[in-house]
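Okay, structure first, notes after.
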Amino acid sequence: MRVVNLGPDPSLAYRPDSHEKDKSEFRNFESGALFDRVFNTYKLMHTYQTLDFVKQKHLEWANCNHFSMSMMENIDSLDELVDESDPDVDFPNSFHAFQTAEGIRKEHPDKDWFQLVGLIHDIGKIMALYEEPQWAVVGDTFPVGCKFQNSIVFRNSTFEGNPDEKNPALNTEFGIYEPKCGLNNILMSWGHDEYLYQVMKFNKCTIPEEGLYMIRFHSFYPWHSNGDYMHLCNEKDLQMLPWVKEFNKFDLYTKSTELPDVESLRPYYQSLIDKYCPGILRW
């Protein structure tokens, strides 16, 4: 297994290391120390994430035949990644997982499944340990097979090399899809969100549907933060949208330099893993 550097994950790169910053300063795609690296990651993503590419990745990964490990082993393994997405905070990925989970636990003590989602939401990034390039693992997601909406980050400067951009059949509002067909029937750009969702379904994990939506669409910023792609949504998607938004505030704003005592938290979160996705899982 080859350990590779993760490229910058824009959903992580501008998260706060304190709660003193204004929220308008987060997710700054116009300047900053990581701008060139972030832009280049998106340039690759928006060039190569095509409809055919996504279909191929589903064939490669959705059968979950790469390896077997428990959920907690996966969380720990991500600490092997050199994640260059965070310019200000230098600590292992698992700390962000526990910080997110603890933030949710504080405000939603009665929803243990929600807490668990906070813990595991990024662990689909383990694909990067199996030689997937960073642009196929991290970053904001978007539908393929239809017109790329303007709210996609760097929309106007990174898609010119994508062959789907030049295909008239894929450049209408609906593309290959039907109106209000539902996000479940949409192919999203490939990344850790969709992969972990497929792992959950394959292993018959019992996290409620609200949690599965959080896992599958937490990086779909054009939808949950900008209101695009509503013409593809059905009633179920609209019902789930507030849950995804609720999750997002913990994903973005719980990170701080005050690190949790991970070892003391493990028994509690292991009990949640045992409840909803126990044992050795196939990935």
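Every residue gets a Cβ built from N, Cα and C, even glycine.
Because TrEMBL annotations are produced automatically, they should be read as predictions rather than curated entries.
The feature substrate binding site is assigned by TrEMBL to ARG27, ASP83, GLU84, SER85, LYS125, GLY139, ASP140, HIS218, SER219. According to TrEMBL, the feature phosphoserine maps to SER31. Taken from TrEMBL, the feature Fe cation binding site applies to HIS96, HIS121, ASP122, HIS192, HIS218, ASP251.
Comparing ASP140 (substrate binding site) with HIS96 (Fe cation binding site), their Cα atoms are 18 Å apart once rounded.
Each of the binding-site residues ASP122, ASP140, ASP251 was assessed for Cβ neighbours inside 10 Å, and the highest tally belongs to ASP122.
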